[in-house]
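These notes concern the structure reproduced below.
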Amino acid sequence: MSDILQGSVLNLTHESKGVVKIGHFPVFIKNSLPDEDIEYKITKKKSKFAEGELVRILKENERRVSPPCPYFFECGGCQTQHMDDSLEIEFKTESVKNTLSRHIKNIKVNTCVSKHLYDYRNKSVFHVREVDGDVHIGFYKDKSRDIVDVNYCMIQKPIANDIIKTVRKLIKTYNISAYNEKSGKGYLRNIIIRSNNDNSEIQVVFVTNSESPINKRFVEDLVHAHQMITSVIQNVNQKRTNLVTGRESRVIHGNERIQDKLLGKTFKLRHQSFYQVNHGVTELLYQEAIDRAQLTEDDIVIDAYCGVGTIGQIASPYVKKVIGIEVVEEAIRDAKENAELNDRTNTEYHVGKAEEIMKQLVKNNVQPDVVFIDPPRVGTDKDFLDAVLEVAPDRIVYISCNPATLGRDIKILSEQYEIDDVTPFNMFGKTYHVEAVCSMIKKTT
Ligand SMILES: C[S@@+](CC[C@H](N)C(=O)[O-])C[C@H]1O[C@@H](n2cnc3c(N)ncnc32)[C@H](O)[C@@H]1O
């Protein structure tokens with residue numbers, strides 16, 4: 001389509017694309033690295049930037065490595081396998097720093113904490129699709145609804161890959177049809193596998209395009225082949241939607257939940273509940289969050305966006321009371337039961353939007369000393385931040401999976417809070433995504 005151009009890569013975008021400039025006009029080129037001279041083609045031109053495709057590397061960055069995964073250049077799941085680990089860490093540190101600096105001048109960002117860059121994902125979401133009469137199981141291509149049919153994914157835990165291998169065979173044996181997105185026909189849409197840290201409990205969720213029950217023998221053969229599967233759920237999703245799961249779920253083998261341990265506390269999880277995907281990095285992240293909170297025995301702590309109660313329950317032995325807030329009803333049911341399981345008598349949970357519950361707590365004169373904030377990628381709602389500023393806790397610890405919304409939100413809090421340094425955590429190795437923790441102390445005047 002377009003001519004082949006030459007350029008030098010200057011730096012990386014937050015999505016890890018190399019930036020080449022034509023005059024002042026930036027072109028973003030996937031899989032190119034800083035300090036490389038490259039040939040590229042323009043694939044999409046917008047008014048302020050263009051997207052390009054790497055054609056040939058003329059001078060290579062010495063920290064470029066050959067991606068170990070054979071699907072890397074096709075699959076949209078990973079973006080940084082062509083970087084050695086030290087370059088990935090540097091990229092994530094810089095990426096967090098650049099994004100936050102747009103909101104807070106001179107913010108100090110520590111080196112990204114990183115381990116388990118492969119084989120880490122304890123929750124795998126495989127798409128199942130019918131393509132020309134064949135069953136494809138895998139992940140979306142970059143910016144596409146087409147599936148890369150994978151035999152193995154290097155960032156999933158190996159047990160998930162083993163289970164998918166068996167499922168592939170059983171789909172053939174029992175002639176189970178795969179979903180076709182265009183026609184809306186076909187039975188099996190997704191397979192979600194979640195395992196605890198030592199693989200002693202594994203949950204498999206089959207998302208189906210119909211209410212008809214899954215073939216019993218198919219499930220029996222699967223759990224016979226993988227006896228660590230302690231929970232099999234059928235979830236029904238008949239909607240033509242991007243959302244993976246539907247509202248209706250039923251247990252078809254074993255328990256409704258699996259159980260894991262984090263920093264000495266036990267957490268049971270229903271499939272609807274959020275849980276961090278990289279166990280080793282999560283423990284480091286939560287320990288850092290708790291250390292930064294400087295907890296004392298008289299503290300009242302709010303654990304906002306609490307999921308199944310992880311951060312608050314790990315913090316609870318050191319404080320007077322923990323109040324958890326979470327919008328997903330199933331997660332709050334898990335949180336309450338986890339509190340019992342962990343013998344925590346100083347926790348209280350509220351189901352609802354953090355912005356609404358927080359306002360309610362302020363009305364009821366709840367005066368927290370510490371607020372943990374751990375929202376989804378969109379960050380918090382302005383009403384939530386206003387309520388936090390009104391109640392003005394001494395300390396705030398903000399855990400974020402999106403530096404852009406972290407920057408936006410801490411800028412608002414910085415009216416009344418001194419912002420400490422920020423530590424990024426490599427929760428999502430070999431992708432451009434990054435987690436970060438930031439703490440704040442109330443200004444004295
Ligand atoms: C990044 S997760 C953190 C969960 C938990 N703190 C943990 O570490 O496991 C964000 C959580 O916020 C919940 N959530 C999303 N929007 C919310 C809202 N408006 N109010 C309260 N919770 C919300 C999600 O269901 C999810 O459990």
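Note: Cβ is positioned from N, Cα and C throughout, glycine not excepted.
Note that TrEMBL annotation is computational and uncurated.
According to TrEMBL, TYR305, GLU326, ASP374 bind S-adenosyl-L-methionine; the candidate from GLN276, GLN287, GLN360 that the record adds to this site is GLN276. Rounded to a whole number, the distance between the Cα atoms of CYS401 (active site) and TYR305 (S-adenosyl-L-methionine binding site) is 13 Å. DSSP gives TYR305 (S-adenosyl-L-methionine binding site) a coil state; it is part of no helix or strand. A straight line from the CA of GLN276 (S-adenosyl-L-methionine binding site) to the CA of CYS401 (active site) spans 10 Å. Calculated from their C-alpha atoms, the gap between GLU326 (S-adenosyl-L-methionine binding site) and CYS401 (active site) amounts to 17 Å. Those residues of the chain, other than GLN276, TYR305, GLU326, ASP374, with a C-beta within 8 angstroms of the mean position of the S-adenosyl-L-methionine site C-beta atoms are PHE274, ASP303, ALA304, CYS306, GLY307, THR310, ILE311, PRO375, PRO376, ILE399. A straight line from the CA of CYS401 (active site) to the CA of ASP374 (S-adenosyl-L-methionine binding site) spans 8 Å. Its own atom aside, the Cβ of CYS401 (active site) has 19 Cβ atoms within 10 angstroms in the protein chains shown.
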